[in-house]
């Protein structure tokens, strides 16, 4: 019997697609949803399943930003083949994304027992939701938001990419919340910070999904729930990306901050009352 049913996979796919790129924590919401459905959140197969369905969300990024990604890959390939083409900003930016992914990969491999064990607790999710909200508020209030995508530098990419470690270690912090907030603190405007967050998500989440695939399949999740959850997350994530880019062009992040705090308080109350298990 599969550790996750097709019906549960649909629900988790919707949650993943809605929350992966919104700064509200997909991992936190997935763990909450799993807890409410009496799915063991620290089960190896379940952890693997949640990582694999992220690939659907990443596929949505690849489709949505296909023109940008094709431009980056083309420039990178030309630069590798021809040293004279290495002055192209797209060639340089592609290397920045690769460099900026290295820290989170190293920490992810080294800290995996902690990530899959004690740090998977829903109490950690509640605390991380609050901590991430504080960072978002600070970044939104005190960042100058004056630098666009053309002003990006290697330090920007490295600092923003390294901030993904916060979400890796503390589910509830939010990968997109951490990266966008760090970008704002670096004085990027909201659209530039959000687009950088999307591009950094591609290698990080794809690698995590492929790495965890063996645990999801070998641990007792059948192919049907994996496929359904991934496909659902793709379509929902695509709509979420389009909405978020329009939203950040005109609004601050106060609505997300309020929502995160409310979810953290509600989750803490449910845990304290024994309605769900940590």
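The backbone N, Cα and C atoms fix where each Cβ goes, glycine too.
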Which listed span Swiss-Prot calls transmembrane segment, if the choices are 70-90, 91-111: 91-111
Segment assigned the feature transmembrane segment in Swiss-Prot (from 14-34, 119-139): 119-139
Cβ-based contact of the transmembrane segment (119-139) with the transmembrane segment (225-245), 3 or more pairs under 8 Å: no
Segment-segment contact (the transmembrane segment (91-111); the transmembrane segment (191-211)) at 3 or more Cβ pairs under 8 Å: yes
Interface-richest range of 46-66, 153-173, 225-245 toward the transmembrane segment (191-211), CB pairs under 8 Å: 46-66
Cβ contacts under 8 Å made by the transmembrane segment (225-245) with residues that lie 6+ beyond its boundaries: 2, 4-6, 8-10, 12-14, 16-22, 49, 52-57, 59-61, 63-64, 191, 194-195, 198, 216-217
